[in-house]
Amino acid sequence: MTSPAKFKKDKEIIAEYDTQVKEIRAQLTEQMKCLDQQCELRVQLLQDLQDFFRKKAEIEMDYSRNLEKLAERFLAKTRSTKDQQFKKDQNVLSPVNCWNLLLNQVKRESRDHTTLSDIYLNNIIPRFVQVSEDSGRLFKKSKEVGQQLQDDLMKVLNELYSVMKTYHMYNADSISAQSKLKEAEKQEEKQIGKSVKQEDRQTPRSPDSTANVRIEEKHVRRSSVKKIEKMKEKRQAKYTENKLKAIKARNEYLLALEATNASVFKYYIHDLSDLIDQCCDLGYHASLNRALRTFLSAELNLEQSKHEGLDAIENAVENLDATSDKQRLMEMYNNVFCPPMKFEFQPHMGDMASQLCAQQPVQSELVQRCQQLQSRLSTLKIENEEVKKTMEATLQTIQDIVTVEDFDVSDCFQYSNSMESVKSTVSETFMSKPSIAKRRANQQETEQFYFTKMKEYLEGRNLITKLQAKHDLLQKTLGESQRTDCSLARRSSTVRKQDSSQAIPLVVESCIRFISRHGLQHEGIFRVSGSQVEVNDIKNAFERGEDPLAGDQNDHDMDSIAGVLKLYFRGLEHPLFPKDIFHDLMACVTMDNLQERALHIRKVLLVLPKTTLIIMRYLFAFLNHLSQFSEENMMDPYNLAICFGPSLMSVPEGHDQVSCQAHVNELIKTIIIQHENIFPSPRELEGPVYSRGGSMEDYCDSPHGETTSVEDSTQDVTAEHHTSDDECEPIEAIAKFDYVGRTARELSFKKGASLLLYQRASDDWWEGRHNGIDGLIPHQYIVVQDTEDGVVERSSPKSEIEVISEPPEEKVTARAGASCPSGGHVADIYLANINKQRKRPESGSIRKTFRSDSHGLSSSLTDSSSPGVGASCRPSSQPIMSQSLPKEGPDKCSISGHGSLNSISRHSSLKNRLDSPQIRKTATAGRSKSFNNHRPMDPEVIAQDIEATMNSALNELRELERQSSVKHTPDVVLDTLEPLKTSPVVAPTSEPSSPLHTQLLKDPEPAFQRSASTAGDIACAFRPVKSVKMAAPVKPPATRPKPTVFPKTNATSPGVNSSTSPQSTDKSCTV
């Protein structure tokens, strides 16, 4: 029998096999389902592609129709003229050609999209239908093949099951036969053992009886042994037979198992792959590839056709040429634009003389008229040349505006990684509303100025043409055609004489000296045109060898002086920048690195003569100094290059004037900025060097300037001992309001904080310390404690002025109307001088200037009983009015004395153009009447002259204000000034903001002393004594003070320090 444990094991084996077969059968079923699902998805995809291209074909057809309608709409308007114009292609204007090509492109796109729609409907969609049908048919056949393969695999698995059962059966029989054989062997051994024991127990009795017993027992034992041996032999034969069958069955099972595993492996690895590749997907991807490539071919050909049309349009756009269009227009309408016939002389009543009569009675008149015409032409040409330069600079600005490269919209077609829609960049593009508004405003303003200058230039050229024709005919008649321009020859000879006698020409040195003294902060310097009459006067004076700008007089228009300097360099026979180095310099401009550009410019310029380099070094050092005041004069290096560049370097003939001028401007700007790195140092090249440190004494040392007298030197030494005592002690101040610094240089503090002031840095700033940090402190946000005690500020030039007792009527007159005759213009010049003197480390010239102020102030002194003045007066330092004034006193009175008109603010003087020639002439006349003699003056005579001059000046100012209200002063480079917000109605506690609103102070209030802070302020500021009450509430300033532009050296003369009012409501000391 077989053991129960063996049967249990057989059952487990069979159960495991059945489970494995079931899993395979389920897997085969899922495989067929998955293939069915793929087939359905494939059919659905092909159906979607058909629907997509069908809808796209409809859209393309609609788009084609709309494009055709659009093209026909505009072609109908231009067909009549178009037929005429296309008869001759050369008569088609370039904009019209662009328009025709654009319409043709639209029609071409319409035809292309119609073709594309037809391809979608009749080519691509049928391909997808065919692919769908083929895919479904092939899948059915593939499914049959797959089902057959699965049936074969299940058949192999069933065969393996049968062989396994047979193996189990034969193996069980073999085990059973083996156990029976072992049992028979045990019985045989047991029988043999019993026989041996019986023989041992029996005792032998007689020999005969023993022999008989033994024979019987042997016979019995033999029969039992034989039986056992026979049984053993049978069982042995049975075991051998079953064992052989079990071995054969096992071998058959192993062979079937190997075959089954090979079949399963082949089905999963090879059969399924071949079924999907060669049956299910047979031709599917290839057919789909051909259909989609048909789509790509259609789209690419559409794109190619579109690109061909766009290339034609691009060529037409590149060929947009105003000059060619002008020529075509004139050729098309030749009869309209051709010059008419000349007017012929029509004799009257038989008068046949058709030429000028140069006989003796009229010869002198013709000669005089020819000379007048020549002089007039010289002036007009200069004026027209100035207008032309301005017009060309404005044209360059317009070209920069209209040619800005803002047409690239590639950023709008950039897609994000998530395949979202096109980026919205409207706010950053050209079409943003703020950008359009600003661009249009700038463009319109520039265009208005350009057409104004163009009209002025054309009118001037017309006049020059008429006068030139008359002049030429007169010259021809008088036989003077060979005569050259006398004024030009005289000027050239004078210039050559000046150039040969000194390194820096007189006109250059004198103009730069004057501008450095009085015009560094003049708004629009070198940009605003001056008076041509005054330019000619100054130029003629220089040609005669004179220096009309020598001395301290300031009755010249700053713009006219700047025009003289530009005119000089423009008229040089040999310009500073020769034309043979033009291309080398233009090559330097293309370098992006500023240092490398400067190095290459230096190499190019070093080949020039030393005299030219000295003049260049002098000029560009001055221009660099001037550009440091760009916040006041609105002239940064780029603006200076635009206005001054054409005068220094002209574009050679044969070059594009507009494009080359932009490179010239960039070159001049680079030289202005990098002049120290470009030009040789004084050690490398000896010669005059422009000095920035306060031009007053520097230019007085010039061979063309005035020398300082011995009296001035003595007074400087005396004044130095008195001003150096208080230079070391700082001033304590209290913060009136909270202030937060806008830069690292400005200090931040809270209201009530204690501040330490070192010195006055500008009109609106102090240099001081707070919480151990040094920096700038705004003047309007603090109260200086020294002023509350009635003590005049330290280091103020006013502290050295002695108060002189005068009759009461003189004091009233001085307060009421003893104004400087030159009005606001001279006040501006004086304050500009003070600003320049602040930047000078030397104190001698500053004391000299304030010494002059003391002479000028002797006619407007305050009450001698004022405690603020009496505390700091020096008893013998000031002469009385009845004594003879020093040499420089009368001239400088016009700058610093009589503060009535000094109440004009800087912006008001700029707005009203108080530095116009008319006001200066009036001011000069008034000054010459009352101050230009060196004999003792009577105070009443001075007061009467001043009152008469003031009345005349105010009348002129009223007239000028009415004219300036409609006068437009254009700006070439479109610098934008902040609108002036000064109200014409002035509060009772403030100073008048304009000479037209100046009121005479006739109430004899005691002790009004002018604050020393007016040395840097434009508005006239007075400090009331403690008894004066201010009713206005305390408020912080409406606007923050403008940071000043400091020189490179930190040494500031103590003579320019000033104090503030202790009252927070006294805003008259600020601008």
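Easy rule for this one: first residue shown is 1, then count along the chain.
Quick reminder: no glycine exception, Cβ is built from N, Cα and C everywhere.
Keep in mind that what you see is a predicted model, and the values were worked out from it rather than measured.
Note on SER845, SER864, SER903, SER930: Swiss-Prot annotates phosphoserine at SER930; no matching annotation appears for the rest, which is not proof of its absence.
SER724 is the residue among SER80, SER724, SER894 that Swiss-Prot labels phosphoserine. The symmetric dimethylarginine entry in Swiss-Prot, when matched to the candidates ARG439, ARG527, ARG927, corresponds to ARG927. Looking at 773-802, 983-1012, the range tied to region 'Disordered' in Swiss-Prot is 983-1012. In Swiss-Prot, the feature phosphoserine is assigned, of SER263, SER510, SER1027, to SER1027; the remaining candidates carry no such note in the record.
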